[in-house]
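What follows is one structure encoded as structure tokens, with my remarks underneath.
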Amino acid sequence: MASLQEPWLLENGNLKGSSKEMRHGRTAHNMSSSSLRKKSDLTLVSKVKCGMLRLLLTNLQEVILGTKLSVLFPAIPLAIAAQCYGFGRPWIFALSLLGLTPLAERISFITEQIAYYTGPTVGGLLNATCGNATELIIAIFALWQHKVEVVKYSLLGSILSNLLLVLGTSLFCGGIANLGKEQKYDRRQADVNALLLLLALLCHMLPLLFRISGASASLTAVPTLQLSRASSIVMLVAYITYIIFQLVTHRQLFEAQEDSDEDDGDVNSEETPVIGFRSGIVWLVGMTAVVALLSEYVVGTIEDASESWGLSVSFISIILLPIVGNAAEHAGAVIFAFKNKLDISLGVALGSATQISLFVVPLCVVVSWMLGINMDLNFNLLETGALAISIITTAFTLQDGTSHYLKGLTLLLCYVVIGACFFVSKTPLNHGNVINLGVNSEVGVITA
């Protein structure tokens, strides 16, 4: 158990050290989600005489009822029933999306519980892997159904929502709630994440520029796809190096300073695990399976929801999916900003954006390569331009290590403008990515 006191913990690519906010595997992502948890009353459960039944009821109360989002759990069986009995497909989409919200928070809770029993390396990698499990599973199912555009839109939306919506709301609310204080944060975390986000942006821009500069789509299609795959491997190598950088070689650079505030007793009240290691593994596998099932429903019904609601698939994927799917950690980041704990808020927003950019996106390209599906890093001109402006704006916003509400408001307004852009955009889902069409034609010629 000595390892529990070590300054480790990587979540969404951000390491935190031995401060009281980060003990026992509590990372920025875990801390943000913990603000939505509630302490379980096990008085009645403890009176059950049967040991196995008491253990089962304890697990159910801690995992299912131990969150303020437990009211959304009924959406899961309702979504399954709607799918089985052929209800309206937009209803299936909406119920599945609502069901994913508490599941994302509960997966964070379970990985934290498992982290009590594992060493720093295993716990850090587990947190890093499960940090954006929902986005990754949705992307994999969309790839399986050959909906490459949905993959690109949803991952782009996750990056934009973290950089502009989550971070902007956190800085704005934190600035309003702490008008008499100067909010400060550790610039080193922001600098490292901004640098890696710029690397990811370069890997996204080069395929687009390569296509634009080419004489024709048929000549640049295959080279662009090859460039995207090579860039994806580079990004994965960069992400692995980033994990080593924070977990091993430069861990001391990311250790949070000891906080003397005493106003976060709710955060530190949970100093021991409430479920066992084996139970945690079973719950993690089970909830991941449920997330996979709901993700399949979401991907399969997104176009029907788009037609029924009169919204484009791009708007639903870029705006609605990230907001609803990650509502738990987003709300937690804002709550900690209110408490003047911006390092946790930045850890959630920047860490998630970095992980999606350097890990989830290139991993999807590699997986599509293995599946024989042509997915490149060309997100089209409008989408790539929005991504570039968002990353650059965020980097400038965080360069001085201090914050006020105007910075947050600026990021929020940027998100509103981008959201309005995709709201008025009515581009069909199969609008014909020139590169993909070109690659398909080239592959057809080679096969012939």
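In case you wondered, yes, glycine gets a Cβ from its N, Cα and C as well.
Predicted, not measured: the structure shown is a model, and the values here were computed from it.
The annotation transmembrane segment is assigned in TrEMBL to 88-104 (among others).
Residues or ranges marked as domain 'Sodium/calcium exchanger membrane region' in TrEMBL: 91-247 (among others).
For 125-144 (among others), the entry in TrEMBL reads transmembrane segment.
The annotation transmembrane segment is assigned in TrEMBL to 156-180 (among others).
Sequence-distant contacts of the transmembrane segment (192-210), counting only residues of its own chain at least 6 positions beyond either end whose CB sits under 8 Å from a CB of the stretch, comprise 13-14, 163, 220, 223-224, 227-228, 231-232, 234-235, 238-239, 242, 245, 350-351, 353-354, 357-358, 361-362, 376-381, 384, 387-388, 391, 394-395, 398, 435. Annotated transmembrane segment per TrEMBL: 192-210 (among others), in sequence order.
The transmembrane segment annotation in TrEMBL covers 230-248 (among others).
Under the heading domain 'Sodium/calcium exchanger membrane region', TrEMBL lists 280-418 (among others).
Nonlocal intrachain contacts for the transmembrane segment (281-299), taken as residues 6+ away from its ends with a CB within less than 8 angstroms of a stretch CB, comprise 59, 63, 76, 79-80, 83, 92-93, 96-97, 99-100, 103-104, 106-107, 110-111, 114, 130, 133-134, 137-138, 140-142, 145, 147, 150, 275, 321. As annotated by TrEMBL, transmembrane segment applies to 281-299 (among others).
Marked as transmembrane segment by TrEMBL: 311-336 (among others).
Residues annotated as transmembrane segment in TrEMBL: 348-371 (among others).
Positions annotated as transmembrane segment by TrEMBL: 377-398 (among others). If you look at the transmembrane segment (377-398), the same-chain residues 6 or more away from its ends with a CB under 8 A from one of its CBs are 152-153, 156, 159-160, 163-164, 167, 171, 185, 187, 190, 194, 197-198, 201, 203-208, 211-212, 224, 227-228, 231-232, 346, 350, 361, 365, 407, 410-411, 414, 418, 421, 425, 433, 435.
Summarising the annotation, TrEMBL assigns transmembrane segment to 405-425 (among others).
For the transmembrane segment (156-180), the most Cβ-contacting stretch among 88-104, 125-144, 348-371, 405-425 is 405-425 (pairs under 8 Å).
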